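This report concerns only the one structure given below.
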Amino acid sequence: MENQSSISEFFLRGISAPPEQQQSLFGIFLCMYLVTLTGNLLIILAIGSDLHLHTPMYFFLANLSFVDMGLTSSTVTKMLVNIQTRHHTISYTGCLTQMYFFLMFGDLDSFFLAAMAYDRYVAICHPLCYSTVMRPQVCALMLALCWVLTNIVALTHTFLMARLSFCVTGEIAHFFCDITPVLKLSCSDTHINEMMVFVLGGTVLIVPFLCIVTSYIHIVPAILRVRTRGGVGKAFSTCSSHLCVVCVFYGTLFSAYLCPPSIASEEKDIAAAAMYTIVTPMLNPFIYSLRNKDMKGALKRLFSHRSIVSS
């Protein structure tokens, strides 16, 4: 039996489309990728250039935008190259590298959304303690903890995958190297891998989600108790944007990874993964800029400043 050292590359099936539609597919995903990069970069620039947004909430939002760019780049760039060159292969090392970055950025998305929910909980439910609880040192510690934990999880999955044997060069039924499709190609015992996918995957998915739900269980009644219209409007503005992103993110994530195999076909899995890795990061900047008054103001000031400089 050959081991993993004899495997040089995998074949990525990609998104099913007739050959004559491949260029159209390339154009669509290239446009979506550029919109994602532009939108999230504008969010980062707006937050960095506006002193009014130098708060914990927008600190995590800027990091979330950076992670969204990384999540999309880790999967879409290789797919675009494969479509354009019509060479749908990825090296063994490239596959493991892509898997690592996809897992790290995907898990960071979940953790940052939970951190933002906790920030809103402290700001709305315990406003007098906010400056103490969410001081810069605490935010930096939370950020570092998120990066460390997600790197550990991603490295664990990657190292466990690297120990497996692959008898033949196989076809990955996906457009990137996700864990489950690659595991199906192994001729080794994948019991440990599957157990770690269940344990670690469930932890990094469910625990942040429960933190978000718990935070909003306390936030919603607190908002309803606010008597001034201005106070309700400001609280609702920041929370509604975050809730929209949470719903889109976890909705696509659950569709991609928690649907029973007997119900979801491979095509539906690929479509759900595309929503999670491509569409969601593209929509996030629009959600925050359309529903958040502070962000809309910061973007207007950013563009007005640049127009003055250019003139």
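Positions of Cβ are set from backbone N, Cα and C atoms, glycine also.
Taken straight from Swiss-Prot:
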TOPO_DOM  1-23  topological domain 'Extracellular'
CARBOHYD  ASN3  N-linked glycosylation site
TRANSMEM  24-47  transmembrane segment
TOPO_DOM  48-55  topological domain 'Cytoplasmic'
TRANSMEM  56-77  transmembrane segment
TOPO_DOM  78-98  topological domain 'Extracellular'
DISULFID  CYS95-CYS187  disulfide bond
TRANSMEM  99-118  transmembrane segment
TOPO_DOM  119-137  topological domain 'Cytoplasmic'
TRANSMEM  138-156  transmembrane segment
TOPO_DOM  157-194  topological domain 'Extracellular'
TRANSMEM  195-217  transmembrane segment
TOPO_DOM  218-234  topological domain 'Cytoplasmic'
TRANSMEM  235-257  transmembrane segment
TOPO_DOM  258-270  topological domain 'Extracellular'
TRANSMEM  271-290  transmembrane segment
TOPO_DOM  291-311  topological domain 'Cytoplasmic'
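Around CYS95 (disulfide bond), the same-chain residues at least 6 positions away in sequence with a Cβ under 8 Å from its Cβ are PHE10, ILE172, CYS177, VAL182.
The Cβ of CYS187 (disulfide bond) has 14 other Cβ atoms within 10 Å, all protein chains considered. The transmembrane segment (235-257) makes no contact with the transmembrane segment (138-156): fewer than 3 of their CB pairs lie within 8 A, with pairs spaced 6 or more apart in sequence.
Within the chain, the transmembrane segment (195-217) has long-range Cβ neighbours (under 8 A, six or more residues past its boundaries) at 107, 110-111, 113-114, 117-118, 120-121, 149-150, 153, 156-157, 160, 179-180, 183, 239, 243, 246, 250, 253, 257. Applying DSSP to the topological domain 'Cytoplasmic' (119-137) sorts its residues as follows: 16 helix, 0 strand, 3 coil. Long-range contacts of the topological domain 'Extracellular' (157-194) within the same chain: residues 1-4, 7-15, 74-75, 78-79, 90, 94-96, 98-100, 102-103, 200, 266, 269-270, 273-274, 277, each at least 6 residues beyond the stretch ends and with a Cβ under 8 Å from a Cβ of the stretch.
In this model, the topological domain 'Extracellular' (1-23) carries an average pLDDT of 71. Residues of the same chain lying 6 or more positions beyond the ends of the topological domain 'Cytoplasmic' (119-137) and with a Cβ under 8 Å from any Cβ of it are 56-57, 60, 215-216, 218-219, 222-223, 235, 238-239, 242.
In three-state terms derived from DSSP, CYS95 (disulfide bond) belongs to a helical segment.
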